[in-house]
Every structure is written in structure tokens, then in C-alpha cells.
Amino acid sequence: MLYLIITSIMFIFVTIMVPKRLTKIEIYASTFSALYLQLVVDVYLHIKLNWYYYLTEHTIDWATMFVIPIFVGVNVLFLNYYPFGKSGSIQFSYITICIFFSMIYEYYSIQFGMMLFNEWKLWYSVLAYYFLFPLLALNLTWIRHLLEEHRVFNSSNHK
């Protein structure tokens, strides 16, 4: 539990302090999309299949709320430095580095009892992250497209 609280506070602090390349609306929209995705995945893999759980098995308690800042922080930090407009190999390398750090964090989450596995294996996370991280970037691209569409629509209506 202490590991969860300390790392949640660290993620909040770093997320607030890092210079932002994202607009507030991009942070807001991408964060809620990421949290929704996390909720859907957790409902299915944690509650329905019981493959993994946070802190205590078969229950969701208030302590689980400390997981939310971690997901928010990962989303903002990942997207803030994502190499949009760079080559596919640079983007792949960036995603791989983020997965490497995510796996270290997940490993210690298991060691400190924050996250526990039943059927889930640590290497499954590697595969999942290679799907989830690009999905976060794709989602931000879509958000930016919608914002641009909205901006163009509003500017054409005010002429």
C-alpha cells in the first residue's frame, strides 16, 4: 500500500511539474479516454476473469483509487513526449522505451503487493502495452482532428 501511495504522489507531482506540450483540452480528453479504457479492461480482466487484481482479491476498495493518478500520469507523460511526426522506427523505439519502464514499474508493483496476478503473466503486459500505447497516441491524433474540425467550423461561421 505504501508503494502505491508514494508512486501515486510521485506521478501527480511529475505530471504537474513537467513542461506541457499538450493543451489542457488534449490532456483532459485523452486522460478520460485512457481512464475509460482502463476501466473496461479492469472490469473484464480483473472482475470477470479474475486474472489480476489490485491490493485485495475479489474486492474493490477505496485504496484502489490511488491507482488512478498512475494511469493519468502515464497517459500525460507518454503523450507529452510522443514523437508525433517522426518516423515509424522512432515512434516504435519510444513506445519500446515506455514499455520497458512500465514493466519495471509493474514488476515492483507485484513485489510490493500492489498488483497481484492469478492467470495474468508479466509478459502478457508487454504484448498489451504494444497495443495500448499506440492506441493512446492514435486517440490523441483523433482528438486533435476533432479539435481542428471544430476550430475550422467555428471560424467559417464567424466570417
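Glycine is treated like the rest: Cβ placed from N, Cα and C.
Note that the structure is a prediction, hence the values are computed from the model and not measured.
Here's what TrEMBL has on this protein:
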type	residues	note
TRANSMEM	6-23	transmembrane segment
TRANSMEM	35-54	transmembrane segment
TRANSMEM	60-80	transmembrane segment
TRANSMEM	92-110	transmembrane segment
TRANSMEM	122-143	transmembrane segment
Quick one: do the transmembrane segment (35-54) and the transmembrane segment (60-80) reach 3+ CB pairs under 8 Å, ignoring pairs fewer than 6 apart in sequence?
yes
Distant-in-sequence neighbours of the transmembrane segment (92-110), which means Cβ under 8 A and at least six residues beyond its ends:
3-4, 7, 74, 78, 81-83, 116-117, 122, 125-126, 129-130, 133-134
Could you pull out which residues elsewhere in the chain have a CB under 8 Å from any CB of the transmembrane segment (6-23), counting only those six or more residues past its ends?
30, 66-70, 72-74, 76-77, 79-81, 105, 140
